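Novice: I am attaching a structure below and will ask some questions about it afterwards.
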């Protein structure tokens, strides 16, 4: 036991020479979990604009994966999140140039035509087509709700409260334009080569096999280099920092954001991620169904922040044992019940979709399939309404109170109670 205690003591996160040095690391927080110090709030408007721009395995694939890891791990270790914004601003230019270049080449190779963008490969009834469109919206909304849920890991680095606001617009514009570029490129190459392939990396491989010329090899090399850069920074922004912060919140005494990111990156390598692209069609279906699980969670966050608490938080209580956000045993029953009620009606259709229905191993009534296809809208509305009603019936503690986390390390600045502002009140 003595050896284990000594090891844990060595692993404890040490304080640094910043504003929060006076606040020791505890079970409830460390320097990565506390609100960001002012000198590390370095992100401007453009940083958040560029934020959004951004089977078995063969021997060449394994070599490429190893090279990716060699490039990726030093970035995790050496570049803290509050310094990466300059690289992101460069990356958005690289990503745009790469994707537009692939689209321009695809259209040119098809004789200047974007291909047949209208005629569907499978004939659907009007009702079925309508529900499939809504399902597509649900899929995209669910995926990007996950991204926006994690964006708070980045907005905390903003110079001011509203620095990240323009990203609301750039998110929508970037998603639409990127999807359009992908559709045009895929359509043109499908008409040119007779193969339908959405993965740009596999598309480049196929093109090089069909046209093994010096010009083609040079083009695919630079396109692949651009996609490599995109992949590195998508992983950094959407996976690395967020997963590291999640683990740091769970074990702040021993794990920083960087340590957590390295742990998850190592686990990601051990999971043989290339198999997800070549063998796990079920896994891809699950990823496209995030809306089933994310919509109720997003609804609860929105209602809690804007309607229940009216943007007022007692921030120090987030890092205090037994604070007002601990509720009962660490569980907010209002959120749990609202989340479950908004999520469960989509589960039968979700299970059928994952199993391969229509015609798959599991068949469910068409009503359950429709519930799954509109799950984002249904789940959001139901969870939002129930959570609001539950909070009206049984209000949580601390409503109407705002306590900030000052940069000098104290837990104090301002308290607002029902519109009255009191400054300079200390909260231990």
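Heads up, residue numbers simply count up from 1 along the chain you see.
Cβ atoms here come from the backbone N, Cα and C positions, even for glycine.
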Novice: Which stretch does TrEMBL mark as transmembrane segment, out of 371-390, 391-410?
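Specialist: Of 371-390, 391-410, TrEMBL gives transmembrane segment for 371-390.
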Novice: From 21-40, 41-60, 61-80, which range did TrEMBL mark with transmembrane segment?
Specialist: 61-80
Novice: Among 167-190, 191-214, 215-238, where does TrEMBL put the label transmembrane segment?
Specialist: 167-190
Novice: Using a Cβ cut-off of under 8 Å, list the residues of the same chain at least 6 residues beyond the transmembrane segment (371-390) that approach it.
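Specialist: Distal contacts: 131-132, 134-135, 137-138, 141-142, 145, 289, 291-292, 294-300, 302-304, 307-308, 333-335, 337-339, 341-343, 345-346, 348-350, 352-353.
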Novice: Could you check whether the transmembrane segment (260-277) and the transmembrane segment (87-107) come into contact, where contact means at least 3 Cβ pairs under 8 Å with the two residues of each pair 6 or more apart in sequence?
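Specialist: The answer is no, given that the two segments have fewer than 3 Cβ pairs within the 8 Å cut-off.
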Novice: Is the transmembrane segment (87-107) packed against any residues at least 6 beyond its ends, judged by a Cβ distance under 8 Å, and which are they?
Specialist: 46-47, 49-51, 53-54, 79, 113-114, 178, 181-182, 184-185, 188-189, 192, 200, 203-204, 219, 222-223, 226-227, 229-230, 233, 237
